[in-house]
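Listed in Swiss-Prot for this protein:
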| type | residues | note |
| --- | --- | --- |
| BINDING | H391, D393, H441 | Fe cation binding site |
| BINDING | R455 | 2-oxoglutarate binding site |
| BINDING | L544, T545, M546, G547, L548, G549, K550, T551 | ATP binding site |
| DOMAIN | 531-706 | domain 'Helicase ATP-binding' |
| DOMAIN | 871-1032 | domain 'Helicase C-terminal' |
| REGION | 1-516 | region 'Thymine dioxygenase' |
| REGION | 517-1075 | region 'DNA Helicase' |
| MOTIF | 657-660 | motif 'DEAH box' |
Amino acid sequence: MPMFMDGASQVLQQVLQTVLVTSEPAIVIPGSFLGELDVIVDEAKNHGMKLVSIPKGGITILPPIPMSESSLTRLCKDYYGLKTDAERLALFSNLEETFPTAPGVSLPCRLLYHPRDYICRIVHLCAELVTASDEEYQKAYDIVPLLHIRPVQNVCEELRRQFRAGALTQRLPLGQRVDVQFKRTVVHLDGSMDPFPRNAAEAAVNIAPVALDAVDDIYEGFDVTGTEVVDIPTGKVSEYLSEKDFELVTEDSVLLDPTGKRVQAIFIRGGIDKDICRRAAADVEGVATKQNMRRLTNGGVRNPDTGILGYYDYLNNPTKRKCRMTEFTRRNWGKIIGPCGELLQLLDQLYKENAPDHYELQRRVIPPEYMLFNTVFSTVSVNKNFRTAVHRDKGDFRGGLTALCVLDGNYEGCYLALKSARKAFCLQVGDVLFFDSSLEHGNTEVHNREGSWRRISIVCYLRCGLMSHTCETERSMRLRNQIMSDRLHADSADSVVNLNGVTGHLPPLCIPFKIAKTLSLTQHAALRFVSRRIKEGDGCVLALTMGLGKTLVSLTICYSYIYNNGPCDILIVAPKTLLQHWMQEAKKWKDYGLVFPGFIVLNNVDSSSFEDDLSNYEQQGTTTNPKKSYVFVINPGYIKSFLSRVKGFRPALIVVDEGHCISSKESKLREVLDSLYCSARVVLTGTPVQNNAEELYRLVGWVDDKVHSTLPQRDFNEFSNSINRYVNGDDSAFCDALFAQRYIHEWMSPYVFTVMKVDLPPLHDYIIICNFSAVQQKMFEERIKVDATDNLLCLKASEHRPYHLSTHPLCFLGFLTGIWRTGQVDIEEEPGEFEELGTYRLSRDDDALAKDCSSLLENGKLADFVALSGKLTALISILHSIFEKMEKAVIFSQYIGSQDFIARTLTAYKISVVTIRGKDCQQRRRRVVEMFRDDKNVLCLVVSTQIGAYGLDLTAANHVILWDTWWNPQVESQAIARCYRQNQSKAVIAYKLASGFEDATVLKAQARKRALFKCLINEETSQVVPGHDLVDYTSSEEDDDRRHLWETLKTCTLEGGKPAVTKIIRNIDTVKSERWI
């Protein structure tokens, strides 16, 4: 049985085993050879090993220390007190019986060192450094990995402190046995090791109820203090600021940005009583230690004295529990609750009085469970004698301000300077500065001599990470488990349960118990997120990738809202193509207790059924027909008609499905919904950004227009421009783009709940570049008047002719003559597009081509007919490879002509195919989907992209063929999600067929938009990969069947002699991305 996790490479396993067997430290550099940093950290931590971030750029891995810190301290003191080497050797010999000679793990060979020798090395190191000068100690600290391990570091510093206080004088009598107990490493049946046995009694001391609520029992004894990633600059040491470069501010003042709209700083002289500050300083000074990762903001010489009080999000740290109170806060709650609580509440009041807009926004977005002492602050950084170099605070809520207050000290200088504003603020004890911590800031020089000054300050803020999906899901899991455990003994499984009932911080979230058992953790977290926003009188955006159950979340929210508030009306706006889906979902979950007094799905205000429903609705309020709750699900096209028919309609809650349509600059729907004056707004979308960043700005502003006050349009546009520059290939814009990404993401995070990953089988997404046949290329150049390889960018986005031509020359002629125009195309074409074509008559050449095509079909020469189109040739080969495995495929096309042409061609090949068109009624669509799902002989479905890309469950197929590309890549993502969603048990393969025209124009636009989406939503710094850097993937393909298919496609010959396919590209390779969180 392997000793290490599957995520670790074999080389990493060997390295860790070597350290365990020999006790020799290993210096490693994260990368593909060993594994990424998080894998190395997780593996080493899981087995009790110690990790140190030296040398620069690398990590030193050390074996576990099998001795408690208190025992190690006592042993070091005893060792230091002995006079001779003989006495010291005798001391170590007494450890023989109490030290285990081998760890309890399965090793490749026996242990090759005695653990006593490892302890001897540590003890001697500490003893040697007891009398060392600070300079000597620092030199040792820079090169000795053991000094970076918390127990060893603490022991050394404690002994040095006692030596300077004159406490290390007692000698240990010779022959006295040392009573030292060593901790054994516990090995579990699953192969994992727990080097930290739980000490529940110690962990429970002085923990407030709120703290207990924030910490799982299993983590009570695990202290991650010092591993918080707090605004760490990477790379070179940060610069220090000099006061000569700044204008000094000594009196109350407000500093605005150059536009005069955005607050940069508010300085309040003597804002807090000095006695209150000093009392608080005495209680929180202990938070500030050198156990941190902020050396670069302290001149790069040594770690400063700093620490975290309150709640923190350990998102980048090797701990299973990511969001919780810090160790110091839990252990000292009873001590700090008085003076510190009073101080923070006074700061909270000052914040409210001096920056009401920022305060109100921060108060509304902070999760109640993270309100430290019932303030708008979740987290406090405590700094002691810390002159910070230039940095930006990366995790603070961008819609609010950070509060800085000096609590105690005796110093001169050390002004807080804002670099861009050229202002420095003179803060003394009791002074308060509220400022935008995203701006570059730092302290100027201290006038006092080295070591002769003292300054204790706090920085209070709201951590955005506490509102992240990780924290929401983590807490939801604990709450759900507790609820499920409590309800196991309930009398009735049909009862309603309050998901937020186990905490007093959140509004009631009452739903049927059967539904609660069904919801995923993501859905639980989304429900809590929405309920909190609605309670605050705001709206929110649920940006969940396709297949995560947005509809069920929405219905559950509607149920809870009605349950809590009594009779009311709720409006759900959904595209016409999704109305049937809403009806089916409502019917499906009715059996689970999700029952609504009135549920009306409206597609046409002229229908007789609507009149009957409306009559019942209007007759409410009488003695015989009391008021009840109604949920209306309405097609956007009928909103105006509905409102004119139902006078005075005022919904208490509005839900907009596929709500990215709201973000359109000229959205008529937004205007109509605004007229309803409903602030409780929920937008459902898997694609909050489709074309540009401004869509996101408008979307967030629609759910709560107050957020624009903290990030004006001008500032957002500057951020957007920085991101766009980098996305489009300007590497010099990287730093600006990264900052802009972080700022925008943190600014919107309180209002946008984002989950873009789903636990499904793999998705393999390919772009297949198809050639034109000789006939296609000639027609392209003559009829569309553009050379097939040049000047393609001049074509309008609404140009449809190239798409029909890429299907087949005969399809192109049919489009020109109007054969396919009877039902219009299935996209929103620009007005006048078809009028530009006029009445087209076939030329002699056209007529001859049509007759030749007919002749090929009549004579059974299907291969020659297909060879007139690169896409059609590729399609037939792809389908044959799919059907050989008895698997199913869905073909998406946006054009009626292409859909019909594909279906007819497949029928000629005796392939059983069914179709769904835009003109089909809902009943026929449902029958076709059921036939495709249940009939094993039906292997192919041809469907309109605009119809089939939304709401349908096509998981019977695991192959998706995108026949024609379009400028918005999110439409294609929606199409793929019809098959790649919950209930899919197989790997899904997507084939995007692209002609030379699409490769040169549409695919480039798609890559840019995908990169932008990743930047803004996926927390990735992304950039478009130039076309000349995209290599063919055929030789790199790991799957034998697919590699054979790619080779086959390249050998297929078109009319004119060209190969059908020129290149196979992975879609993921068109954008290069790097995670930044």
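Our numbering is plain: 1 for the first residue shown, then up by one each step along the chain.
The backbone N, Cα and C atoms fix where each Cβ goes, glycine too.
A quick note: this is a predicted structure, and the numbers were derived from the prediction, not measured.
In terms of C-alpha distance, the listed binding-site residues H391, D393, H441, R455 place D393 closest to G547 (ATP binding site). Distance noted between the C-alpha atoms of L548 (ATP binding site) and H441 (Fe cation binding site) is 41 Å. Here K550 (ATP binding site) comes close to L542, L544, D657, L684, G686: these same-chain residues lie at least six apart in sequence, with C-beta atoms under 8 angstroms from its C-beta. If you draw a 10 Å sphere around the CB of G547 (ATP binding site), it holds 19 other CB atoms from the protein chains shown. Averaged over the domain 'Helicase C-terminal' (871-1032), the predicted model reaches a pLDDT of 84. In the structure shown, across all protein chains, H441 is the one of the binding-site residues H391, H441, R455 with the greatest number of other Cβ atoms within 10 Å. Counting every protein chain shown, the number of other Cβ atoms lying within 10 Å of the Cβ of L548 (ATP binding site) is 23. The Cβ of T545 (ATP binding site) has 21 other Cβ atoms within 10 Å, all protein chains considered. Summarised by DSSP class, the composition of the motif 'DEAH box' (657-660) is 2 helix, 0 strand, 2 coil. M546 (ATP binding site) falls outside any helix or strand according to DSSP and counts as coil.
Annotated pair T545 (ATP binding site) and D393 (Fe cation binding site), C-alpha to C-alpha distance, rounded: 30 Å. For H391 (Fe cation binding site), the nearest of the binding-site residues R455, M546, G549, T551 in terms of C-alpha separation is R455. In sequence order, G686, S973, Q974, A977, Y980, R981 are the residues near M546 (ATP binding site), counting only same-chain partners six or more apart with C-beta under 8 A.
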